[in-house]
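Only one structure is covered here, and it is reproduced in the block below.
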Amino acid sequence: MSGKANASKKNFEQLKRNPKRKKDNEEVVLSEKKVRNTVKRNKNHLKDLFSEGQTKHTNLKQIKIAPNKRKTWQPLSKSTRDYLQTMMESVLRTILSDRIKDKEEIQYHLNFLKNRLLQLCETLKVPPKKMEDLTNVSRLLNMERARGKANEEGLALLQEEIDKMVETTELMTGNIQSLKNKIQILASEVEEEEERVKQIHQINTSGVLSLPELSQKTLKAPTLQKEILALIPNQNALLKDLDILHNSSHMKSMSTFIEEAYKKLNAS
C-alpha cells in the first residue's frame, strides 16, 4: 500500500515539475473519456436499433416452411456476397459524401450493419429459385443500364430534333415578321399614293372634278375667235370661204381618214 502511495506521489511531483506533460496527460485522459462515451452511446444506440428491429419483426407475418424443403436450400455464393458487399459500399460512399452532422458516428453504425449483414449472408441459405435470382442480379443490372443508356441516347436524339424544330420555327417566325413589316410599309405607301391621287384630281363625293372657279373678268373677256375676227377687215367673206372649205369633199375625206386612223389606234 505504501508502494502505491509513493508511486502516486512520485508521479505528482513529476507532473508538478513538468506542467506540459501534465497538460498532455489531461488531454489523453479527456480523449479516452470521449472515446468511451462515444462507444457506450453507440452500443446503446445499437441496442435500441436491435430492440426496435425485434419489435418490428414480431409484427411480421411468419411463414412456416416444411423441413424437407429446407434440405434443398443452398448458401449464398461468394460472387453474390461480393456483389452485395460492393453494392452496400457504394451506397455508403454515396451517403457519406454529403455534408452531414456526426459523420463518424453514422459511418460507424453503417459499417457495423454492413459487417453484421455480411456475416449473416455467410451462413444464410436460400431456395434454389431465389439463388438464381440473386445470381442474375448483376446481369439484370447490366441490362437495365444498357436500356437506360439507350433511352438516354434516344432522348438526346429527340432533344436534337426538338432544337432543330425550334430553330426552324424561330427562323420562320422571323421571316413572317419581316413580311408583315414589308406589307405594312407597302400598305402605307399605297395609302400615301391614294392621297396623292386624290389631291391631284381633287375628286369630290359626286365624282365631278373640283376645278377652280373662273373669275368674272375672265367670263366677260372676248374669246380668241372674236379677237382674231376683229383684226380681219372683211370678216363675212372669210367666214363664207371657211364654210365652203369645211363642206368640201376634200375636207370630208380628210376628216374620214383621221377618224379611221383614230379607230385603228384605239383598237391596237
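Positions of Cβ are set from backbone N, Cα and C atoms, glycine also.
Looking at 1-31, 187-217, the stretch flagged in Swiss-Prot as region 'Disordered' turns out to be 1-31. Between the listed ranges 68-101, 102-135, 170-203, Swiss-Prot ties the annotation coiled coil to 170-203. Mean pLDDT for the coiled coil (170-203) in this predicted model: 86.
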